[in-house]
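Annotated in TrEMBL:
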TRANSMEM  38-60  transmembrane segment
DOMAIN    139-244  domain 'AB hydrolase-1'
Amino acid sequence: AAVPGPLDKGCSLRRSLRLPASAAAEGMKRPLGRRYGLWFRLRKLMLWLLGMYIAIPFLVKLCPAIQAKLVFLNFVRVPYFIDLKRPQDQGLNHTCNYYLQPEDDVTIGVWHTVPAALWKNARGKDQLWFEEALGSSHPVILYLHGNAGTRGGDHRVELYKVLSSLGYHVVTFDYRGWGDSIGSPSERGMTYDALHVFDWIKARSGDNPVYIWGHSLGTGVATNLVRRLCERETPPDALILESPFTNIREEARSHPFSIYRYFPGFDWFFLDPITTSGIKFANDENVKYISCSLLILHAEDDPVVPFHLGKKLYNIAATSRSFRDYKVQFVPFHTDLGYRHKYIYRSPDLPRILR
C-alpha cells in the first residue's frame with residue numbers, strides 16, 4: 001500500500017517528496033567511495049608493512065652494527081631520569097659510587113653496597129672507607145648485569161638489597177657504553193671491564209671469598225671472565241649464572257620476540273652478522289675451561305631466555321672434565337612462582353640456596 005504524503009493546511013494530501021534521481025545516485029556513491037578509500041588506505045598500509053618486513057633482513061645484513069645494537073640494547077636506559085651518582089635515591093643509603101678506568105679512553109661507573117652489618121657505619125663515609133671495607137670479613141659478589149638498562153635498574157637494586165642483607169659486599173658496574181660509563185660496547189670490552197673490576201676487588205678484599213654473579217647477557221660476560229681467570233690460575237670462589245643461555249646464536253634463534261625465526265635464510269640474515277660483529281658469548285664452550293663451583297638459577301616461565309637453554313648449559317657443565325672436582329648445581333623455579341626472567345631475587349629459598 002502506498003504511504004500517504006504529508007498534509008497541507010487544507011487537510012489535502014501533498015505530493016510525496018522525492019529526491020531527484022541524480023541526487024539519489026550521488027548519495028549512494030558517497031558511502032561506497034568512503035569504503036573504497038578506506039580499503040585502499042588499509043591495503044597501502046599492509047603493503048608498506050610487508051615491504052618493511054622484507055627490507056629489514058637485508059638492512060641488518062648490510063649493517064651488522066644494527067644487530068649488535070639489538071644484542072646490547074645499551075641505548076635503552078631504564079629507569080629514566082635517575083642520577084647514577086646518587087645510589088641513595090634508589091634506597092641504597094649504604095652504597096658508594098665510584099669511577100674506574102680500565103683503559104685510557106674508557107671510564108666505568110661502579111656501585112659498592114656494603115653488608116647489612118656495616119650499614120650504620122657506612123653513612124656519610126667517603127670512597128676510601130668503602131674500599132677499605134672490602135677487607136672486612138665478609139664475602140664479595142661481583143654482579144654482572146644483562147643488556148638494556150643500567151646498574152640502577154629496579155630488579156637489580158632489589159637484588160643488591162637482598163644480597164647485602166645476607167652479609168655480602170655487592171660490587172656492580174655499567175659496562176662501557178651503558179649508563180654513565182664512557183666507551184663503545186663490545187664483547188671484548190665488556191669482558192675486559194669485568195676483569196679490571198675483579199682485579200680491583202681482589203687487591204682490596206684480601207682472603208675474603210669473591211663470587212661472580214652474571215644475569216642474562218651478563219652470564220656471557222661472567223663465563224668469559226671466569227674462563228680467563230682460570231687460565232691464569234686465579235679462579236673466583238664460585239660462579240653463579242642466573243637465566244643463562246648456551247651461546248648468543250642459540251639465544252637469538254630461540255628468543256620469543258624474534259619475529260623472523262621462520263624467515264628463509266634466518267641464520268644468514270640475522271645470526272651471521274652477530275658473529276661478524278665479534279659477538280659470541282659462548283657459555284657452552286667457556287664452561288669446559290672453568291674450574292670452580294657453579295650454580296645455575298633459572299625460572300621455568302622465563303620469557304626472554306628459554307628455560308631449556310639453561311638446562312642444556314647445565315648438562316654440558318655437569319659432564320665437563322673441568323668441573324670434576326667442583327660442585328655443579330642447577331636450581332629450577334616452577335612456573336607457578338612467576339619469577340620469569342628477572343625476579344628470582346624474590347624467592348624465599350634464595351638464602352638457603354646460596355649457603
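Each residue, glycine too, has its Cβ placed from N, Cα and C.
Heads up, TrEMBL stuff is auto-annotated, nobody curated it.
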- Item | Predicted model, mean pLDDT over the domain 'AB hydrolase-1' (139-244) | 97
- Per DSSP, how many helix, strand and coil residues does the domain 'AB hydrolase-1' (139-244) have? 46 helix, 22 strand, 38 coil
